[in-house]
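Please read the structure below before turning to the comments.
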């Protein structure tokens, strides 16, 4: 039953709950803003580990190893793409986001575009957030199934994973997520590095593993496994989503100041980069030594063949990756619903106490929805990158807003986001539209073309001047 690894993982979970409980007093200090945005007082190091913890989730570990099980080392480029997104946000817009003093991207869309833009934006953002969150359950379920196959199956493993995510998020809010990310990132690095080195040593090193792999495979070729076009798509998708996904930009909103936001995103991006290739090596080891298994179990299967203590440390790292991602995503979804739906349309005068209570209820509701969606997911990275394609429309709107405001019109946000949603729906349900390897290759042209057409058709200028004056001082 792998008792030693189980004890180590359970000890790690208890530590996370203890840290989250400690952070509860910090969250209470600033009321609902403390719960959702850490009182806008996060130092640079917490911004960095928040971003790294969010990025190095189940998709960036279990998902990369799953892909590497058939595609080899090239699967590791996924994390490099994520890192590039974080670094570019830090170098360009993170400080501007902090200066705006808003809570959500849809809120910005209403202030500078229209209420219709806010409505369609929150629908799209929730679709993206829910898709990403569901994938963390798939990865967490795979870990528990490998850990205790006699007790858990993928479905009960996902349910248990959800309970842990929700508990940590409910207790501490953004402060809880931030402080547990410090623990998570340390555990992730120690666990994945120790597991990779131990796996290589246990199975005889690179040469022995290479001799055990199926011949003619792309195992150690830098790009051939997944292909140049898919790697390019990863960069396009992950850079795009880093600019506009609520769970990510909420970290910038929570920073102590513009400098903390900028530097935190750059450092966080550097922390993300190495983990993909290490996870890919684990997937390659699984392909060599455990042919014929379910690909999502590739990484846990290798880990559990190692020394029990090493296995426990590495599995804790995998769980850390999962917990860190899902907690931030759940909080981001709660912020969207509270600020852009409940407060905007139903209770504009909502009290701070009611806002905190509603935030926790929404965390529970989103957890149920994402768990149900997770039961239908098979390929982690494929589902994730298709879902994140929708963020291209948001990023186009944001970049025009900040850098080419003269082309912004009152209806620009609404039509650009709506077209993005419709395009992705057509891609999913009309296979004849698959004329490129990945939807991101058409998503950007569609979004840019829509924005420019609206600029020609709508003569009403967006309300951008106040924003421009505000962000000039963030440079």
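Glycine residues also receive a Cβ, built from the backbone N, Cα and C atoms like all the rest.
TrEMBL annotations: computationally assigned, not manually curated.
Listed features, source TrEMBL:
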- 6-23: transmembrane segment (TRANSMEM)
- 44-65: transmembrane segment (TRANSMEM)
- 77-95: transmembrane segment (TRANSMEM)
- 116-137: transmembrane segment (TRANSMEM)
- 157-175: transmembrane segment (TRANSMEM)
- 182-203: transmembrane segment (TRANSMEM)
- 223-243: transmembrane segment (TRANSMEM)
- 308-337: transmembrane segment (TRANSMEM)
- 357-374: transmembrane segment (TRANSMEM)
- 380-400: transmembrane segment (TRANSMEM)
- 412-430: transmembrane segment (TRANSMEM)
- 436-457: transmembrane segment (TRANSMEM)
Worksheet item: Going through 6-23, 182-203, 357-374, 412-430, 436-457 one by one, which has the most CB pairs that fall under 8 Å from the transmembrane segment (308-337)?
Response: 182-203
Worksheet item: Is the count of Cβ pairs under 8 Å between the transmembrane segment (182-203) and the transmembrane segment (44-65), pairs 6 or more apart in sequence, 3 or more?
Response: yes
Item to complete: For the transmembrane segment (436-457) and the transmembrane segment (223-243), decide whether they are in contact, meaning at least 3 CB pairs lie under 8 A, counting pairs 6 or more apart in sequence.
Response: yes
Worksheet item: Would the transmembrane segment (223-243) count as touching the transmembrane segment (44-65), i.e. at least 3 C-beta pairs under 8 angstroms with sequence separation of 6+?
Response: no
Worksheet item: Counting Cβ pairs under 8 Å that sit 6 or more residues apart, are there three or more between the transmembrane segment (223-243) and the transmembrane segment (412-430)?
Response: no
Fill in: Beyond the flanks of the transmembrane segment (357-374) by 6 or more, those residues with Cβ under 8 Å of it
32, 35-36, 129-131, 133-135, 137-138, 141, 158-159, 162, 165-166, 169-170, 173, 330-331, 333-335, 337-338, 342, 350
Discussion item. Which residues of the chain, 6 or more past the ends of the transmembrane segment (412-430), have a CB below 8 A from one of its CBs?
Written reply: 109, 112-114, 116-118, 120-121, 123-124, 127, 386, 389-390, 392-394, 396-397, 400, 439, 442-443, 446-447, 450-451, 454-455, 458, 462
